[in-house]
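Annotated features, as they stand in TrEMBL:
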type: ACT_SITE; residues: Arg191; note: active site
type: BINDING; residues: His96, Glu114, His171; note: Zn(2+) binding site
type: DOMAIN; residues: 10-104; note: domain 'Phosphomannose isomerase type I catalytic'
type: DOMAIN; residues: 238-308; note: domain 'Mannose-6-phosphate isomerase cupin'
Amino acid sequence: MELIFFDKLFYEKLWGGNRLAKYFDTALAGDKIGECWTVSGHPNGDSTVINGRYKGRTLSWLWQHEKSIFGNLKGATFPLLIKIIDAKEDLSVQVHPNDHYAHRHENGERGKTECWYILECEEGAELILGHHASHIDEMEAMIREERWGELLKKKKIRPGDFLYIPAGTIHSIGKGTLLLEIQQSSDVTYRVFDFNRLEGGRPRKLDISKSLDVITIPHQDYASTPQISHMAGGSQTCLVAKEHFTVWKLTVSENLIFEHDETFKLASVIKGSGRVAGIEVKKGDHFMVPHQFGSMKIAGEMEIILAHL
């Protein structure tokens, strides 16, 4: 049994920048690279294994043919997707559907519940999370009349913040933000407002009707209190435990033994460097810990975000 590492898939975006090259310490073509898909089995970006016995195989292939490394979980496609997002400019104000709506209206696609861990942001950075409308008629009127200042809730952020964004939550990542996103494996987005930007000389498509179908009204805040437990050599913090995923932050200060007692885990090294199960890792590395891997010896000084079902 071995850790499984994947290649990285980079995507240009209208709002993207050049931070990802520095974050991953690699050369990238273009100055509008907005997303890096680090672990994905989605048809729009399928990760390829770069080490070990499965080298050259895609994650979707592993899901279909090597079920045991995922704990023989059911499902037609791999359920999670991990990204690093560089927002040089504001993203569109948007919302994602839940599973039921997406399955009916998006050719069987999943819905999209997600969460963010803020890696870097400018001083005073903020994002949009939620709205002030109390009922659907008010929401529709405020959108139609473009009363964005009244409608949208803004939230100040700083590095280390964690935010949970269930399907149906209207949101937008603000400019100057670099974050880790853990989400259901879905690429369905409904734009509500795009700041009147042009792409190729034309406004990007808005999805007002579908957005009104799926936005949660009134808005519900999902603030959570991290649960920290200390251990010899570090600590682990449960950031969220919900239906679609559970997310932990593992802080390593020297040497520790991590008991891998769940199904497969997706690991993202967000700070520092060290060794995991004898393998050297550093900031920007992403890998999967297979089901029944057993205890892991972890050494070094680093922070790792772990996600599992």
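Positions of Cβ are set from backbone N, Cα and C atoms, glycine also.
Each of the recorded positions His96, His171, Arg191 was scored by the number of other CB atoms within 10 A of its CB, and the lowest score belongs to Arg191.
Residue pair His96 (Zn(2+) binding site) / Arg191 (active site) shows a Cα separation of 9 Å. A Cα-Cα distance of 10 Å separates Arg191 (active site) from His171 (Zn(2+) binding site). Within the model, the domain 'Mannose-6-phosphate isomerase cupin' (238-308) shows a mean pLDDT value of 95, rounded to a whole number.
Neighbour density for Glu114 (Zn(2+) binding site): within 10 A of its CB lie 21 other CB atoms from the protein chains shown. DSSP states for the domain 'Mannose-6-phosphate isomerase cupin' (238-308), grouped as helix (H, G, I), strand (E, B) and coil, give 0 helix, 48 strand, 23 coil. Cβ proximity to the Zn(2+) site centre (mean Cβ of His96, Glu114, His171, cutoff 8 Å) flags the following additional same-chain residues: Gln94, Val95, Lys112, Thr113, Ile165, Pro166, Ala167, Thr169, Gln183, Thr189.
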